[in-house]
Structure formats: structure tokens, C-alpha cells
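Here the structure comes first, spelled out in C-alpha cells, and everything after it is commentary.
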Amino acid sequence: MPTRSPSVVISDDEPGYDLDLFCIPNHYAEDLEKVFIPHGLIMDRTERLARDVMKEMGGHHIVALCVLKGGYKFFADLLDYIKALNRNSDRSIPMTVDFIRLKSYCNDQSTGDIKVIGGDDLSTLTGKNVLIVEDIIDTGKTMQTLLSLVKQYSPKMVKVASLLVKRTSRSVGYRPDFVGFEIPDKFVVGYALDYNEYFRDLNHVCVISETGKAKYKA
């Protein structure tokens, strides 16, 4: 039986990197505490995840389902690596994409009230290998809701790839099949992860400062 792939574990006392060591947009200079995961490390890890995905799912038509909005950069980069592997494989397979949007956050807390936006026509998932691509797993409740929805369409296989998984006491115990980084319970932004729609334009994953939280609070 396939096992979940290992992840890069970032410890609770990880100091991160000084903002001055990286190119950070000036409009966010006072809003961030530190760079937590540099963009280059994200890309290297994503390349390896693509290999793991193809090894486990590459025998049948894959439908890659992007969870918007936070997942779009990870989704695009992961698919670029998967497509490169697929092009150079002797047993290449067709791959299609679809999109769904979930809403469960206000400010820095998951509300528990999960809204599914889109996904009205997911009948194309029937009989396919479905790869759900998410930016971050916090409590796991949001993903459990989405998995319940997807499984109603009888896919051949469903796997989840998430760039980040938080270690938090609020977790329901859900763990994705493919994980980039396991991180402490900090609110992170950047690489399309947002705080009330801000910070998506950062290349790196960063820890937001209290100043930033207050400035962009809903």
C-alpha cells in the first residue's frame, strides 16, 4: 500500500532569515517578521514532489484540481515540473486541470465555516486520478470537506499535495499524501498565501508581523 511521502520538517525554534538578505517589496517592509522559506528552497522541494506524484499517480489520466486562491503558485510550479517529467517519460499520460475555491479564513484564524465556491461540474473527475493541490493544511477541516465533495464523483484515485502543513493543536489529524514542508503554528504569507488578500505577491514564504496583522485586519 502506498505510504505518504516524507516532508521537510521545520522546527519550532527555526529562526528564519533576516528580511535584508532578500528582495522584499518596500510596501511590505514593516509588515513582516522574517523570511521563513526562501523561494529557491520552495522550488527545489516542489521539483521533488513532482517526481513523487508521477511515481504514484502517473499510470492513468490525472486531473489536477487547484484550490484557489492560495494554491495557484504552488499549483503552477508543481504542474510545470510534472509536465517536464511527463514529456520525457516513455509512458506519458494525459493531464487536465480544474479549479475550485474554498473560504474558511478571516484575519489569521480558520473560522470553521467552510464555503465551497465553484466545483459545480466536477463530473469530469469520474474514473480519473485526481490530484488536489493546496497551499496549506491548518486544522484539516477544509480539506476533509473538499475530499467528501470530490469522492461523490467516484474518481479512480484521490491524492492531495500541499506545500505546507502546520503543527497545531487545532488539527483534526488529517495529513496530505504529498507535503512540501511541515511548519510550526505560525501565520505565514507569501508565495500566493495571503492575509485578507494581501501578501500574495511575495516570492518567499514569510512570517507576518503584528504590525502587518493590524494594518491589514478585516
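Easy rule for this one: first residue shown is 1, then count along the chain.
A Cβ is built for glycine as well, from the same backbone N, Cα and C atoms used for every other residue.
Annotation source Swiss-Prot lists GMP binding site at Lys69, 134-142, Lys166, 186-188, Asp194. Cβ neighbour count for Lys166 (GMP binding site): 19 (other Cβ atoms within 10 Å of its Cβ, all protein chains included). In the three-state DSSP reading, Lys166 (GMP binding site) counts as strand.
The N6-acetyllysine annotation in Swiss-Prot covers Lys103 and is backed by a large-scale study or a structure entry.
The SUMO2 cross-link annotation in Swiss-Prot covers Lys115.
Summarising the annotation, Swiss-Prot assigns SUMO1 cross-link to Lys115.
The Cβ of Asp138 (active site, proton acceptor) has 19 other Cβ atoms within 10 Å, all protein chains considered. DSSP assigns Asp138 (active site, proton acceptor) to coil, not to a helix or a strand. Residues or ranges marked as active site, proton acceptor by Swiss-Prot: Asp138.
Thr142 (phosphothreonine) counts 23 other C-beta atoms within 10 Å of its own C-beta, drawing on all protein chains shown. Swiss-Prot lists Thr142 with the feature phosphothreonine, giving similarity to another entry as the kind of evidence.
Cβ environment of Asp194 (GMP binding site): Lys69, Gly70, Arg200 lie under 8 Å away, each six or more residues apart in the same chain. Under the heading Mg(2+) binding site, Swiss-Prot lists Asp194, citing similarity to another entry as support.
A separation of roughly 10 Å, to the nearest angstrom, links the Cα atoms of Phe187 (GMP binding site) and Asp138 (active site, proton acceptor). Over all protein chains present, the Cβ of Asp135 (GMP binding site) has 24 other Cβ atoms lying within 10 Å. Calculated from their C-alpha atoms, the gap between Lys166 (GMP binding site) and Thr142 (phosphothreonine) amounts to 13 Å. Sequence-distant neighbours of Ile137 (GMP binding site) (same chain, 6+ apart, CB under 8 A from its CB) are Met143, Ser162, Leu164, Val165, Lys166, Tyr174, Arg175, Pro176, Val179.
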